[in-house]
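Positions annotated as disulfide bond by Swiss-Prot: Cys97-Cys189. What Swiss-Prot lists as N-linked glycosylation site is Asn5, Asn268. If you look up Swiss-Prot, you'll see 1-25, 80-100, 159-195, 259-269 marked as topological domain 'Extracellular', on the strength of sequence analysis. Among the features that Swiss-Prot reports, topological domain 'Cytoplasmic' is placed at 50-57, 121-139, 220-235, 290-312, with the record citing sequence analysis. Summarising the annotation, Swiss-Prot assigns transmembrane segment to 26-49, 58-79, 101-120, 140-158, 196-219, 236-258, 270-289.
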Amino acid sequence: MDLKNGSLVTEFILLGFFGRWELQIFFFVTFSLIYGATVMGNILIMVTVTCRSTLHSPLYFLLGNLSFLDMCLSTATTPKMIIDLLTDHKTISVWGCVTQMFFMHFFGGAEMTLLIIMAFDRYVAICKPLHYRTIMSHKLLKGFAILSWIIGFLHSISQIVLTMNLPFCGHNVINNIFCDLPLVIKLACIETYTLELFVIADSGLLSFTCFILLLVSYIVILVSVPKKSSHGLSKALSTLSAHIIVVTLFFGPCIFIYVWPFSSLASNKTLAVFYTVITPLLNPSIYTLRNKKMQEAIRKLRFQYVSSAQNF
């Protein structure tokens, strides 16, 4: 970061959560348990999808990728946040802050794109079942996965490069639980209106566009299902309602933070917790662990592991 007015910013101070020491301990235990469950749940899904041949299908390939992105997104911010709950001086180096922002937007952008791809997969599976295997080929799936990572990278690097060149004059307090672009940009000692508009157009537009596309895809699926069977409609409603809950919890805070004008509202820590801590935990349970085929695969994998351990 640039030197300005004789003051070189080498670290930022994160205010984190306010409250008594007992409340900090409560948050520490709660977020530690949530993060542990998030990591274990997503690893379980990835291992099961990889090891069980019955799950080698387009849907579970995408779910495995989603689990990996969820785990990475949570890991980008949650461990540091948990550690800070036990310290009075909550600081992060400038480059640590930049790294945190890069990976958060990288994995977040990739996950948003992947959710669109998963909605397309569900549309093909429900509305064009006879052509599902032909359309969702292995080559297309690999291309989709690579595309989601490319979009996530471009989305993140385009904003981080501009932020890294900002001069900071000494004010280095961030009223949040982790580093995020809107709050870091506001600390710069130059006019950042153009950059703020760019962040709104980039992060805000990506979040809002993906959210609208997902809702439209769900509506199209529901409109198409009744032509086939009432049982199919009931099953689709059950599946999509759960998906909509997770999508809303993930995209809602993102849209509010990045589409809303840069103000104190952007520092709402509760919103930040939702899409970096809560949603990565909900995705395994709602998208995958409620799936009967996945549950059966996990049981068989556990039985196989126990049998191998006993024989050993």
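Backbone N, Cα and C define each Cβ position, glycine as well.
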Kindly assign Cys97 (disulfide bond) to one of the three DSSP-derived states: helix, strand or coil.
helix
Using a 10 Å radius around each Cβ and counting other Cβ atoms from all shown chains, which of the disulfide-bonded residues Cys97, Cys189 yields the largest count?
Cys97
Stretch among 26-49, 236-258, 270-289 sharing the most Cβ pairs under 8 Å with the transmembrane segment (101-120):
236-258
Does the transmembrane segment (58-79) reach the transmembrane segment (270-289), going by 3 or more CB pairs under 8 Å (6 or more apart in sequence)?
yes
Using DSSP, would you call Cys189 (disulfide bond) helix, strand or coil?
coil
Note the mean pLDDT of the topological domain 'Extracellular' (159-195), expressed as a whole number.
84
